[in-house]
Amino acid sequence: MCIPCGVAGLACCCTSAACSCCCSFCPGCKNSTASRLVYGLILLFGTFMSCLALIPGIQTAIQSIPYICDSDRLEICQRFGGYIGVYRLCFTMACFFFLFAVIMIKVKTSKDPRAGVHNGFWFFKMLMLLGVAVGAFFIPSGTFEEVWQYFGMVGAFLFILIQLVLIIDFAHSWNEKWVEKMEEGESKGWYYALLIATVVNYLITVTGFILLYVFYIGRGTDDSCALHKFFISFNMIACLAFSVVSVLPKVQEALPQSGLLQSSVISAYTMYLTWSSLSSNPNEKCNPGITEITGGGAGSATQAPGTHPGLGAEDWVTLVVFLVCIIYACIRSASNNNVSKLTGGDGVAYYGVTEKVLISDSPTSSENNAGDAEKGRNVWDNEEEGVTYSYSFFHFMLFLASLYIMMTLTNWLHPTTTLGDSLTASTGAMWVKISSSWVCILLYVWTLVAPIVLSNREFN
């Protein structure tokens, strides 16, 4: 088993063979899924490294490494930590994914030579990524960060829109699958599962609403937090409104898949976006911080208003939501019509196409077809007659995700060479996040009313 596995790994890294390294423990892994998982892991590793760059004292630790940061390279080493380091690491990932987004334009089948580059040659792609990373730290500071910040703002906002579509699609897919299982089986287990999931999501929403009103609207008669009251109240009323709309007879008739489970997911996500927005307000009267909320006092005497040390609770929740969305984008079914339209696919499932085994642990796998792939640990080509997702758009989405991570970790602020231990809140970030919650509400409501408004079109 060792020799075939080693040969498979070598083929994966140095040729156009599909990657079997990450899927060697998964029975019957599809080529389309394996490649997306690896690219997703690259993005997550870059995100992890960017988080490390924000650890207090990381720059001092790097500068203490012998022969790396001597007097001739001291200026370069100063770019490894803080916002400047995050900008350069995310610039590396963005360049990598944007290059592949351009190269993979109009790839239709796995027979296209460019598909081999997308699915293989991992060793050379890692070398290229490392080379871009090294080069990024040699770019002089100043103009680079100022210009790259504007790219980051635009790209991050576009990714927020994509993330919203993924969240809405996830909610619809979740409901459809559980309702289908409930209707197929005689057991009421799936019915109770649907009920419990819906109730839990609404409990999270209501709890979030109460906590936001308790901690984020200021104290006494101070009207400086009136905007917070509007944000919280408006979004809660909107959640109640679209929940009612989702169960209206006309909506149910035009879109039988609609229901309270989707509405509960979107409601909880809307409350999260509201909290994220309020946490970005630099006014300390309206943004107490997680330390004060949990009873740790009003904060350190040396802590500036509107700041929190390192990554705050809101930042970690944002990263978790981001992680879930990226994983969902990587492993979702290519036959999912809703998401296929987002990723530029044809929205059809390629059932029945010839599926060719590319790499297998079994020495006789070359004689088997895709049906035998399920018996061993194989990576097989399910895209010979047509790709199941747009390679170009997938890379473009990861390009935007890199910019989103950059802006999230730096709190949408102007980059500076000052490596403080605090991340300052900003009004701009607050408005971007609350606007995204409103876009989320509008998108979800549109998925409910579109079959009624556009009755001449079919919505599956």
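Note that Cβ sites are derived from N, Cα and C of the backbone, with glycine treated the same way.
In TrEMBL this protein carries:
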{"type": "SIGNAL", "residues": "1-19", "note": "signal peptide"}
{"type": "TRANSMEM", "residues": "37-59", "note": "transmembrane segment"}
{"type": "TRANSMEM", "residues": "80-105", "note": "transmembrane segment"}
{"type": "TRANSMEM", "residues": "120-139", "note": "transmembrane segment"}
{"type": "TRANSMEM", "residues": "151-171", "note": "transmembrane segment"}
{"type": "TRANSMEM", "residues": "191-218", "note": "transmembrane segment"}
{"type": "TRANSMEM", "residues": "230-248", "note": "transmembrane segment"}
{"type": "TRANSMEM", "residues": "316-334", "note": "transmembrane segment"}
{"type": "TRANSMEM", "residues": "393-414", "note": "transmembrane segment"}
{"type": "TRANSMEM", "residues": "434-454", "note": "transmembrane segment"}
Candidate ranges 151-171, 191-218, 230-248 - greatest C-beta contact count to the transmembrane segment (316-334) (under 8 angstroms): 151-171
Among 151-171, 191-218, 230-248, 434-454, stretch most in contact with the transmembrane segment (393-414) (C-beta, under 8 angstroms): 151-171
Tertiary contacts of the transmembrane segment (151-171), as residues 6+ beyond its ends and Cβ separation under 8 Å: 87, 90, 94, 261-262, 265-266, 269, 321-322, 325, 328-329, 336, 338-339, 342, 397, 399-404, 406-408, 412, 432, 436, 439-440, 443-444, 447
